[in-house]
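Among the features that TrEMBL reports, GTP binding site is placed at N58, K59, S60, D61, N86, S87, N130, V131, G132, K133, S134, T135, G174. The domain 'CP-type G' annotation in TrEMBL covers 10-178.
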Amino acid sequence: MHFQWYPGHMTKAKRMMQENIKLIDLIIELVDARVPLSSRNPDIDELGKNKARLIILNKSDLAEERWNEAWTEYFKKKGFHVVKVNSRKGGGVKSVQSVIQEACKAKIERDRKRGILNRPVRAMVVGIPNVGKSTFINSLAGKAAAKTGNKPGVTKGKQWIRLNKQVELLDTPGILWPKFEDQTVGLRLALIGSIKDEVLQTEELAAELIRFLAANYPGVLENKYTITAAQDPYVMLGRIAESRHCLVRGNELDTEKAAMLLMDDFREGKLGRLTLEYPQTEEA
């Protein structure tokens, strides 16, 4: 299965970000805690050079805590400020404002020496589709400041949001990059829902998830769906279909429906806290 999704609006969004970068003091980059490296758009480092950087390890409640800690250390060693956040429930959001001030300390001090007082920090919020930017901003602002949705591509235009006298945020649409050099990255992004499901083969995707879970989290599927293990992921998919009564006419197993059910359960954290990539393997 080949992964690629780069619709025209992403080119436009990237141009908008390039045009606005000169106004920005800080880049707040949201990544998905289950795939922190794969969910980083490589273009952001080029866009954000010479800017203060903050990484938000978002959806941290869906990933294993020990790996959240390991990834936090990994990014800190690379020179980023890092905050773990569960935007839907608000966990970790309170500490973000103070970390923004900390990340922009040098800029605030420079302003002070020039006699510029109380100029707000301007931060650009960036991230791939469906990483949770709008929900994060709403959590931070305490109101529905940005449109939210669980489909990739809900935030279309440019939005400035004033958090308070100290901070202004520029919300940006979620963008991917034109070509995934490594198709494993594409697979991980498809699994977390950052590539439109309509362009994917759901059963193949579910089979890849089953393979990964069998190798790294044995027993998770068996416990969740009350089924017995099988070597073949497609056999497992059939057993999930049977267990959840996914049937088509004539009492045939509906493995397509079972695949969608499995993907939804994974994305919503119903299979437990799962991390799909690990820092030491990335550095090896």
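Numbers run from 1 along the shown chain.
Positions of Cβ are set from backbone N, Cα and C atoms, glycine also.
Predicted automatically and left uncurated, TrEMBL annotations should be read as such.
With all protein chains in the displayed structure included, the most crowded Cβ environment within 10 Å among the binding-site residues N58, N86, N130, S134 is that of N58. Mean pLDDT for the domain 'CP-type G' (10-178) in the predicted structure: 87.
Cβ-based neighbour count (10 Å, all protein chains) for G132 (GTP binding site) stands at 22.
In the three-state DSSP scheme, N86 (GTP binding site) falls into the strand class.
If you draw a 10 Å sphere around the CB of G174 (GTP binding site), it holds 22 other CB atoms from the protein chains shown.
Under DSSP, G174 (GTP binding site) is assigned to coil, being neither helix nor strand in the three-state scheme.
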